[in-house]
Every structure is written in structure tokens, then in C-alpha cells.
Amino acid sequence: MDANLTSAWVLGVAGPFLLHRFYFRAAWEKLHNAAITRTNYRGEQVVTAGGVILAGYAGLIQFALLAWGAASGWSYQMLESGLLLFFGSLAVALCGWLDDRSADKAPKGFRGHLGVLWRERRMTSGMWKAFGGGGTALAVSLFLFTGIPGIIVGTGLLALSPNLLNLFDVRPARAIKVFWLLIAAAALCMPMSAAAAACWIWILPVLTASVLLFPYDAQACLMQGDTGANYLGFVAGFALVTSVPFGGQLALLLFFAGLHLLAEFVSFSRVIENTRWLNRLDEWGRSAETK
């Protein structure tokens, strides 16, 4: 079993590298030729929905690991964790993809989407995305937790994490950096046990894929889009709810909710630009042309 898991860890790193080596160019050109682009902060048209590529790398390797684990007799708890992350993350990525493909780009923030609902009596693509993400978060939490408090807090974290990354996905590679920070926080809180560490085998392909796509995002060749922000956000939320104690989860939920409320009135980009250490972190990895 130990040798089996070691090989699985290797696949979690090597698998996305191989897929990236042979399929990135074709995938990028397909998005470009399909005109799946968006105007960035500099007024340039950039390929968006890059999360399709990221989720493709990670999802294929996760599927291979699930098949391998089922055939090798991995524990039920470990396989359940992998299945929940696999289906949950792809479900919210699909919600993001539909939003990326929608022509309904005008409404911004919760106030914007609620305003459209109130004035025009219609649901925006962003609201459908929120409902889809919230439903997925609830379904996954019902499997992960038994008590009502755990289900409520878990649902809240899993629902808010994708949109949190969406709030930051307005500059090159910013969403990926926030994802890395959340994953680091989850890793620091992870229980020191073999079982807890083994569950991270499902997160490793996502982490590897994010590292591979970071240079393209940082150089403004590719945006993660709602697809990528949703996908990375859900994976980060999953890592947090499976690694952080309940008290920490509750504190994070309140913090995330506060950031969402603040975003309705304050520009995070302006705050980052006016805070030296945040600005240095934000510009790390980016060329002079994208700063």
C-alpha cells in the first residue's frame, strides 16, 4: 500500500506535466479560435476560461488515481474524499464555464446581479452560477459532515471560496496566488496523520497544474476566467473544510463573508496597489509589461 501511494503521489505531479507538454498549445489555440476571450485591465483581448485547461489536467489525473485506488483497495474514506472533490470541483467549474460563455457581462457584484433581478425580473448568468455553486457546496457538505453546524459552515466555505477567487481574478496570476495562500493555510492546519496526508493526493494534481499555468497567466497570455476561479476556489475550500478545525472554519467563513461585503464598496486592486508588501507580492512573477 505504501509503495502504491508513493507511485500515486508521483503520478499526481508527473501526470499534469505530461499533459501540459503535449496538449497545452492545442488547447490554447482551440480557446483562441473559438473567440473565448475577454478584455483585460489593459484593454487587451486575452484568452479566458483557461481554467478549462487547468481542470482538464487535474481532472484526468484525479480520474486515473480514482481508478487506480479502487483497483488497489484504497480505504473507503480516501476514495470518498477523491470522488467528492472530483465531482464537486468539476460541477462548479462547469457553472463558471457557462458564465464565461455568457454574453451577460454587465452586472458586477451581488448588488449588480440582485439589481438586474429586481429591475428586469430575470436571472443573470452570475446568479445561476451562484445557485449552482451553492447547491454543489451543500451536497458535498452533506457527505463530509454529520452535524448541522458543520454542514452550515462547510457549505458556506465551499460556496464562498470560488467567488472569493473570482473577486481577485482581475490581474494576471492573482487568483492562482490566492489559491496557493489558501492551500498553504490548509496544509499548516492539517492533522499530523497518515490518513489526513493521504487525502491530499487528490489536491496535488490541481496544485501541479496551477504551477504549470502560472507563467501564462502571469504574462497575460491566458485568464483563468470564472471557470478557473470557480475550480481553484472550490478545491481550496475543500482543502480548508477537510483540514482546518471547526473553530478555524467558522473564523474563515466570517472573514470570507466580510471580504465579499467589503468588495461591494472597495476596490481590492486599489488597496493592493497602495500597500507596498501586497503590491510586491501581486507583481511577483509578472513582467514589466503586465505590472
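Quick reminder: no glycine exception, Cβ is built from N, Cα and C everywhere.
Positions annotated as transmembrane segment by TrEMBL: 6-24 (among others).
The transmembrane segment feature in TrEMBL is assigned to 45-68 (among others).
Taken from TrEMBL, the feature transmembrane segment applies to 74-98 (among others). Among residues of the same chain six or more beyond the transmembrane segment (74-98), those with a C-beta under 8 A of the stretch's C-beta atoms are 1, 4, 49, 51-52, 55, 58-59, 62-63, 65-66, 125, 128-129, 132-133, 136-137, 139-140, 143-144, 158, 162, 195, 198-199, 201-203, 206, 225-231, 233-235, 238, 242.
Annotation comment: TrEMBL describes 130-158 (among others) as transmembrane segment.
Same-chain residues lying 6+ beyond the ends of the transmembrane segment (178-207) with a Cβ under 8 Å from its Cβ atoms: 5, 8-9, 12-13, 15-16, 54, 57-58, 61-62, 65, 75, 77-78, 81-82, 85-86, 89, 161, 164-165, 168, 231-233, 235-240, 242-245, 248. Here TrEMBL flags 178-207 (among others) as transmembrane segment.
The transmembrane segment annotation in TrEMBL covers 228-246 (among others).
The transmembrane segment feature in TrEMBL is assigned to 252-272 (among others). Away from its own ends, the transmembrane segment (252-272) comes close to residues 41, 109-111, 153, 156-157, 160-161, 163-164, 167-168, 170-171, 240, 244, 278-279, 282 of its chain (Cβ-Cβ under 8 Å, at least six residues beyond either end).
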Contact set, same chain, for the transmembrane segment (228-246): CB under 8 Å, 6 or more residues outside the stretch:
49-52, 54-55, 81, 84-85, 88-90, 92-93, 95-96, 129, 133, 136-137, 140-141, 144, 149-150, 153-154, 157-166, 168-169, 175-176, 179, 182-183, 185-187, 189-191, 196, 199-200, 203, 206, 210, 252
